[in-house]
């Protein structure tokens, strides 16, 4: 009778301890999600360097003040090569030409695919700077607005560079889910072992 009572009591304790196990399993099955990657930026002039020189034959047609009425066949072939690689490389080519001091008619450059009767649509380059201009437009000097810079505007990069919010936030990490599951199991397990040992000692002393 006493042995059966002891066995029933031990089985009851073991069954109650099994209720804690799913909590640990649920905590362990929820790993931290990886952050979503930022979208890739558009192609730069260095990415388009393999095809950007295909437009060299178009310089005579695209130059500011050019008298040519239509692009040459070699120019159309080069434009088609650039469009097949990446249409945005035309924009990169206009910017690169401006950086080298070559003034091009950006409006005519974007209309060249249509003039060459190509089926690929030209890109939307927006406002082209760095020397690529339309007829009658003069390039804007980058130093023109320098004297109007206020002292507060000059100090703003230093203030943003010393801000701790953007640099220190990524270093904060959330606690591992597995460690919380271990803490949940440790206290009930020790309690069960203590109760079992105490019960066996009590029943053994009572039977003697």
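In case you wondered, yes, glycine gets a Cβ from its N, Cα and C as well.
Per Swiss-Prot, the feature disulfide bond maps to 48-91, 58-75, 76-116, 89-125. The N-linked glycosylation site annotation in Swiss-Prot covers 27, 67, 105. Here Swiss-Prot flags 179 as GPI-anchor amidated serine, drawing on sequence analysis. As annotated by Swiss-Prot, region 'Disordered' applies to 136-181. Taken from Swiss-Prot, the feature signal peptide covers 1-25, and the record attributes it to sequence analysis.
Overlay of Swiss-Prot annotations on the structure.
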| residue | record | Cβ neighbours (10 Å) |
| --- | --- | --- |
| 48 | disulfide bond | 21 |
| 58 | disulfide bond | 26 |
| 67 | N-linked glycosylation site | 7 |
| 75 | disulfide bond | 23 |
| 76 | disulfide bond | 20 |
| 89 | disulfide bond | 26 |
| 91 | disulfide bond | 24 |
| 105 | N-linked glycosylation site | 21 |
| 116 | disulfide bond | 20 |
| 125 | disulfide bond | 18 |
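Checked against residue 75 (disulfide bond) by C-alpha proximity, the recorded positions 67, 116, 125 yield 116 as the nearest. For the pair residue 91 (disulfide bond) and residue 76 (disulfide bond), the Cα-Cα distance reads 16 Å. Considering only the recorded positions 58, 67, 105, 125, the residue whose Cα is spatially closest to the Cα of residue 116 (disulfide bond) is 58.
Secondary structure from DSSP puts residue 125 (disulfide bond) in coil. Geometry remark: residue 89 (disulfide bond) versus residue 76 (disulfide bond), CA distance 15 Å. Residue 48 (disulfide bond) sits 17 Å from residue 58 (disulfide bond), counting Cα to Cα. Taking the Cα atom of each, residue 125 (disulfide bond) and residue 67 (N-linked glycosylation site) are about 24 angstrom apart. When the Cα of residue 58 (disulfide bond) is compared against those of the recorded positions 67, 76, 105, the shortest separation belongs to 76.
Reduced to three states, the DSSP call for residue 76 (disulfide bond) is helix. A Cα-Cα distance of 16 Å separates residue 105 (N-linked glycosylation site) from residue 76 (disulfide bond).
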